[in-house]
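Peer 1: One structure, pasted below without further comment.
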Amino acid sequence: YFGDSIRVKQAWIPHGEGEYRVEGEVLYAGDFFHGKMHGKGKYLFANFDLWTGTFMFDELHGVGILERHAKEGEEDPPPRECIYYKNKRVCFTDELVVGTRIKLLQPVKHSAGAVILGKTKKCGHFRVKMDEGGVQNMNLADVGFVIDKTAARINLLEDYVPKEGEEGATRDGTFAEQRYDYESDIASPLFTDHDENWISSKKIPVDDKAAAALAAKKKAAWDDMQKRKEDIKKNAEKNAEIDKAKEEKRLAEEEAKREAAAYAEDLESKKEELLLKREAQEKERERRRTMGESKEAK
């Protein structure tokens with residue numbers, strides 16, 4: 001862990017902004033609260049998907065951007081905004097098109113469901129029509145719900161007729177021509193262009209062959225990811241060995257240079273000693289010769 005911390009009794013725990021790393025790789029970067037991921041941050045999944053959004057006590061919770069990681073050789077799909085509720089992905093926000101019906105896991109004001117009327121400017125907030133009640137703005141990022149896949153898309157009558165004062169409509173719009181155009185709706189229907197990602201507690205029955213094929217596909221993807229991790233680890237170890245060998249070679253070369261310099265210095269010192277000794281011998285011979293000449297003169 002690298003970042004801010006707070007002391008609780010005799011221990012220091014993450015609190016504030018920081019990063020949690022494993023073997024040098026950042027798995028989480030963002031806000032901490034008393035040792036738990038809480039606030040805004042980024043989280044890297046085991047399959048290299050990246051979540052940038054909000055957290056609540058170590059759980060992905062709220063609205064954020066999910067960046068999917070494609071297989072090797074394939075192009076990554078574009079990032080999509082989605083909603084997580086207590087560490088479980090509920091849906092992508094582009095799936096909540098007008099008319100989509102949702103089921104509330106916990107009834108709100110005695111209503112067990114609602115219909116999406118549109119998205120508001122506030123992140124995670126949608127305008128909904130309650131099954132029991134009127135229209136209200138709801139923060140779907142903080143409400144447990146699932147998309148009702150079995151229900152058809154619902155459209156309100158007010159979406160098809162002009163409002164009061166438009167195109168000569170009366171107060172209830174009953175005497176005006178319908179605004180709904182069947183041909184244009186068929187040509188460009190209102191639905192998401194992405195593959196649907198429905199999450200429900202109800203298990204969809206599948207045959208054994210399909211389940212086995214899906215399990216094999218997931219296992220192959222997992223094995224491929226583990227192999228890539230192992231290759232990265234081996235390359236890191238190999239690079240570490242190469243760096244170690246280079247460092248040892250550099251140290252050996254420096255030691256050889258030091259020994260050569262010491263040998264040259266010692267040789268120069270001995271040379272100077274020999275020169276001094278020879279000079280002393282010459283002086284001694286000169287002194288004796290001078291003394292001999294003086295004796296002969298006497």
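Including glycine, each Cβ sits where the backbone N, Cα and C put it.
Just so it is clear, the model here is predicted, and its values are computed rather than measured.
Quick paste from TrEMBL:
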type	residues	note
COMPBIAS	226-260	compositional bias 'Basic and acidic residues'
COMPBIAS	267-298	compositional bias 'Basic and acidic residues'
REGION	226-298	region 'Disordered'
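How about a rundown of where these features are and what they're close to?
Peer 2: Residues 72 of the same chain, all 6+ positions outside the compositional bias 'Basic and acidic residues' (226-260), place their C-beta atoms under 8 angstroms from a C-beta of that stretch.
Broken down by DSSP into helix, strand and coil, the compositional bias 'Basic and acidic residues' (267-298) contains 31 helix, 0 strand, 1 coil.
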Peer 1: Where DSSP helix means H, G or I and strand means E or B, what are the helix, strand and coil counts for the compositional bias 'Basic and acidic residues' (226-260)?
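Peer 2: The breakdown for the compositional bias 'Basic and acidic residues' (226-260) reads 35 helix, 0 strand, 0 coil.
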